[in-house]
Amino acid sequence: MISLRFQPSTTAGVLSASVSRAGFIKRCGSTKPGRVGRFVTMATAASPLEICVKASITTPNKLGDCPFCQKVLLTMEEKNVPYDMKMVDLSNKPEWFLKISPEGKVPVVKFDEKWVPDSDVITQALEEKYPEPPLATPPEKASVGSKIFSTFVGFLKSKDSGDGTEQVLLDELTTFNDYIKDNGPFINGEKISAADLSLAPKLYHMKIALGHYKNWSVPDSLPFVKSYMENVFSRESFTNTRAETEDVIAGWRPKVMG
């Protein structure tokens, strides 16, 4: 198990084992060009939340390809909540993990000494405990784009080019394109919200998996879908928490080949 500690507000983190390292925290990876790295001491940082996430199956010590884990991490990043990320090999789940997550599922987050599963429950708890900045999506907008993921999976798994699954996906994307055209740039207008943080990782998987396995991409006739994806994928919170392309491809392989 690898533990990575992050302080989103300072873009800083530390690689650790079972014992936390004192001193400075620095996010793993390179700093952006022209940007000076900033550091905070452990003593002045807020106590990080512990979160168990899927580990990469292609690269040691990297975040894996779970879109639901990324949804929670995006929420923490956007709210500047520091977190201690524990990467779990889901193909060989350790005993300590099964004790806190008997079903063996990720993500799970520790709130007040209690481990909480389910990305929807976790993000709601984060909204209640860390209300600023507010990320809740109004109920009437919360389901926008919610059918895209299932239709993407249906098309990805399809082995019959004439079964209509591609058109079903295109219909959902067209509906979303028209919505963003009239209401964007995000689902709740000018500011990103929980619905975007849920949808963005799924669109990322759609882009990579369909590009690799179907040689398919969002058509130019849906410019607002494409601009939406560019907007969310380019956010620092997203680049900090996205899976490697190779992991997304490997993660979907069993569903495609099965």
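Note that Cβ sites are derived from N, Cα and C of the backbone, with glycine treated the same way.
Residue ranges 66-71, 150-155, 246-251 are listed, and Swiss-Prot annotates 66-71 among them as motif 'Glutathione-binding'.
According to Swiss-Prot, the residue from Val81, Val106, Val108 that belongs to the glutathione site alongside Lys54, Asp65, Lys93, Ser119, His205, Trp252 is Val106. In Swiss-Prot, the entry for S-glutathionyl cysteine among Cys28, Cys52 corresponds to Cys52.
A distance of 13 Å separates the Cα atom of Lys54 (L-ascorbate binding site) from that of Ser119 (glutathione binding site).
Outside the motif 'Glutathione-binding' (66-71), and at least 6 residues removed from its termini, the chain residues within Cβ reach (under 8 Å) are 51, 53-54, 106-107, 119, 123, 149, 197-198, 200-202, 204-205, 241-243. Close to the recorded L-ascorbate site, the chain also has Gly64, Cys66, Ala243, Asp247, Val248, Ala250, Gly251, Trp252: residues not among Lys54, Asp65, Lys255 whose Cβ is within 8 Å of the site's Cβ mean position. Here the Cα atom of Cys69 (disulfide bond) is found 16 Å from that of Lys93 (glutathione binding site). As a whole-number mean, the pLDDT of the domain 'GST C-terminal' (130-258) in this prediction is 98.
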